[in-house]
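Some features that TrEMBL has for this protein:
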type	residues	note
DOMAIN	52-141	domain 'PPIase FKBP-type'
DOMAIN	148-176	domain 'EF-hand'
DOMAIN	187-220	domain 'EF-hand'
REGION	195-220	region 'Disordered'
SIGNAL	1-25	signal peptide
Amino acid sequence: MAFINIYNVCILSLTLLITVSVSLADDKPADDISVEILKPAPEDCQRKSKRLDMVSMHYVGTLTDSGKQFDSSLERNQPFEFQLGTGQVIKGWDEGLLDMCVGEKRKLIIPASKGYGDQGAGELIPPKASLTFEVELISLKDGQAPPNVFKEIDVDGDKFLSQEEVSDYLKKQAAKAGDKVQENAEQHKEIITQIFNHEDKDKDGLISHEEFSGPKHDEL
């Protein structure tokens, strides 16, 4: 699934993930997402999606500029389930799928800053690409608060993540999953590079609590 946060693919579904208001105004700043209601919420809707909910979605993703489709859950006939508002998907989804009812359909136009940024994602999503998704909420249920991954990685407690700390954390998680990191040393190194390219916004070689887009708590 091309739209899923790249960390889900790169680090074996670990909880260190790449990375609410939705404006419907016509004159939106460039970083705002656009939301169009394709199918209104049912009149008997009793429950709307909120942060930490487990949601199940059908979606079709296309490149906004060309209209080229890069992914579709409908073609697989398999809805995608994830926890909303925890960084498991791109920021445009975490924002654009709030306050949604089961059965409702929306069209999201997501700028690169809330998609895959300047890096893009593989061969399907080029750098700085705006993305369009048609989404339908299939089901939702209450979810549990995620672990404070930032605190788990920040072993020395200095509120910054070094490459060594991130590397050690990923090695421990990979070991739990039965993956032999030493046999995939180059892949591991590339994952660390991708993480810091995305998360280290000021390029100082460290990931601050503010920069970190994975699960974290606000007590820092």
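From the backbone N, Cα and C atoms, a Cβ is placed for every residue, glycine too.
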Arithmetic mean of per-residue pLDDT over the domain 'EF-hand' (187-220): 83
Secondary structure tally of the domain 'PPIase FKBP-type' (52-141) (DSSP, helix then strand then coil): 13 helix, 38 strand, 39 coil
